[in-house]
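Peer 1: I have a structure here, written as structure tokens, and I will follow up with some questions on it.
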Amino acid sequence: MTNDEPGSERRRHPRIPVAVKGRFLAPDGSEHECVIRDMSLSGIALIADVEVPAGAHLIVYLDDFGRFEGPVVRAFEGGFAIETALSGPRRERVAERLNTYATGAAAPDADSRRNFPRYAPQDGGFEEGSVVTLADGRTAPCRIVDMSLGGANVATEVRPPLGTRVSIGRMKGRIVRHTPEGFAIEFTDIPERASALSRPFG
């Protein structure tokens, strides 16, 4: 594993100090907490207590930024860096967010705004189309509006009563609020692991 990022890469995408917390899922299925040292549009430098071999493909969840994935490309004292590939609207959103950190105008971190950061499908890296299953076994198609480790907002034509037990993929919960599009679910068994977000709905 190399210890230095190529100079051309540093010039192409400047690294911005971004001290946000996160978790990453290693190839062996283990999960670890991390803190981000800096980010660019092509990579993320993570501070972590574990060593990860070069080439290992990681899934990373960052407060205030969402889901990323990519291979480990270099090591430094106390951590390592992964290479990421962003494109289209997602790239533009990350660029705007990085700019707020670069200019010192970043909003309070996500944990100060809510118990769990919420992600839209395009930011969280999951499919928006899914199926909601009611306690009696009935199912209905739905669209995931946004989600967090604590719950999800779904758009669907069914309107079960508040308190109804439902499940979406591996996630189980109860309906706590009706919305114009559908309803909000509060997960009853809040997962401790960020890997629950890698394929939460199927």
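Backbone N, Cα and C atoms are what each Cβ position is placed from, and that goes for glycine too.
Bear in mind that TrEMBL entries carry predicted annotations, made automatically and left uncurated.
Feature table excerpt (TrEMBL):
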DOMAIN    9-86  domain 'PilZ'
DOMAIN    113-194  domain 'PilZ'
Peer 1: Along the domain 'PilZ' (113-194), what average pLDDT does this model show?
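Peer 2: When the pLDDT values over the domain 'PilZ' (113-194) are averaged, the result is 80.
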Peer 1: Work out, from DSSP, the number of helix, strand and coil residues along the domain 'PilZ' (9-86).
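Peer 2: Going through the domain 'PilZ' (9-86) residue by residue, I get 4 helix, 44 strand, 30 coil.
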